[in-house]
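Student: I am attaching a structure below and will ask some questions about it afterwards.
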Amino acid sequence: MAKEQSQVLTALDVAKTQWYHFTAIIIAGMGFFTDAYDLFCISLVTKLLGRIYYHVDGAAKPGTLPPNVSAAVNGVAFCGTLSGQLFFGWLGDKLGRKKVYGMTLMLMVICSIGSGLSFGHTPKSVMATLCFFRFWLGFGIGGDYPLSATIMSEYSNKKTRGAFIAAVFAMQGFGILAGGIFAIIISGAFKARFDAPAYEVDAVGSTVPQADYIWRIIVMVGALPAALTYYWRMKMPETARYTALVAKNMEQAAADMSKVLQVEIQAEPRKEEPEVKSYGLFSKQFLSRHGLHLLGTASTWFLLDIAFYSQNLFQKDIFSAIGWIPPAKTMNAIEEVYRIARAQTLIALCSTVPGYWFTVAFIDRIGRFAIQLMGFFFMTVFMFALAIPYDHWTHKENRIGFVVIYSLTFFFANFGPNATTFVVPAEIFPARFRSTCHGISSASGKLGAIVGAFGFLYLAQNKDKTKADAGYPAGIGVKNALIVLGVVNILGFFFTFLVPEAKGRSLEEMSGENEEEAAPREESEQSHSHNNNNNRTVPV
């Protein structure tokens, strides 16, 4: 068995980079494209939702979503994602990667369309329907994290595996860009067709009835890329590593890989061997072999996402400060969507997307460990550079410097732990737990995202309650919130030392599965030899 396994798995490890690898990146990456598109596009339309559904007659400023509604609309998808990561991660190890892979995509397609068709006679019922579909959309997106990472790692050769998994994750960058560009096109077209005065000129007339179509179209288009790749996902064979190591069907693994890699791989006829008792996920053996690794991958992802998602809090202040977005009352509803989309697309283009692809270029040269340490280090430096002289950055003449440093923290998050925390859990655990452990690590990250996006929303409020945003209690202020984030990054730096380096090593070597196969075989040989000794005939 071990010889058959090594033949199939070695063929995968040493396979040249082929066209099939690139199609796998696109097929797996479309889930992340949809994920980023969805999370990005809702932030583009939340201001519009406030104007449409929470307008107050006679108010000096346009309507905004109340804090609890805003938290629900933005946060319910995170809760769904966390649940989906745990559930589909476990299911991917139980049923196989391929069987579960189509389910997640169909869930995304149905719920993206459902989100856009949210109905109701009152603002409350529209928001409740939207939250319902966004939870299940998040559930489907959550399943894509462990499955896409695991499938890509199990298809890849050991030389370029890191770059391939990182490239799947980097599709998020294109999803963010696509969301921004599509919102610019749609809002631009509506703006040209339905001219409206600014809010301060005509409060009611500034939001034309047709504006309700804008957010629905933007949200629903997220279903398109996912639907287009459904057929190709269904055509992908099960990964050879799952078929060989978990399903124990060596002939099928060899046949699948022969088709995929266009190389003839012969599996030897199956021989009767003693059943190997494997250890379970909650066993002492797993804890001693991989417990610290799982703690390392889960804690670094948790700490990274606290810092990464809380950074988004400061975007609206930055955009307003440098004049990219004028005061809301000076614009009509469609103009505001257009301005926000343009500003966020520029940030994505300048810092988010390049960071992802720097990781793809360098991960198999300098390694995951070095990139993650470097990313946490520079994020800490730039957070403190923003926090300690924070009063200096609030002066108008210094705001461009603030934006540059802020962009660099995003760049080093993506050319750093945001990419590596996704890659490493798909490489260091045994095949039978790989999807589950990636699901646990990524769910830990989403928990950090919830803390970052909502805990810090309250924490960063002004110490003086009268100056805090409407509906929020007093906080510790932006300066102190940035210092706390700097400390979070320092913790991430130190927890990185629990994570092993997987560069240039096979998945079986990293997970210790070679040793698992070897140990029972040696025991079997010793037992066979012992029986032979006992059965000798001794002449009398």
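Backbone N, Cα and C define each Cβ position, glycine as well.
Please treat TrEMBL annotations as automatic predictions, because they have not gone through curation.
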Student: If I go by TrEMBL, the feature transmembrane segment sits on one of 307-328, 439-460. Which?
Tutor: 439-460
Student: Any chance the transmembrane segment (163-190) and the transmembrane segment (213-232) have 3 or more Cβ pairs under 8 A, given the pairs are 6 or more apart in sequence?
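Tutor: Judged by the Cβ rule, the two regions touch, with the required three close pairs present.
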Student: Which value does the mean pLDDT take for the domain 'Major facilitator superfamily (MFS) profile' (24-504) in this predicted structure?
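Tutor: Across the residues of the domain 'Major facilitator superfamily (MFS) profile' (24-504) the model's pLDDT averages 87 on the 0 to 100 scale.
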Student: Among 213-232, 369-388, 481-500, which stretch has the most Cβ pairs under 8 Å to the transmembrane segment (346-363)?
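Tutor: So the stretch in question is 369-388.
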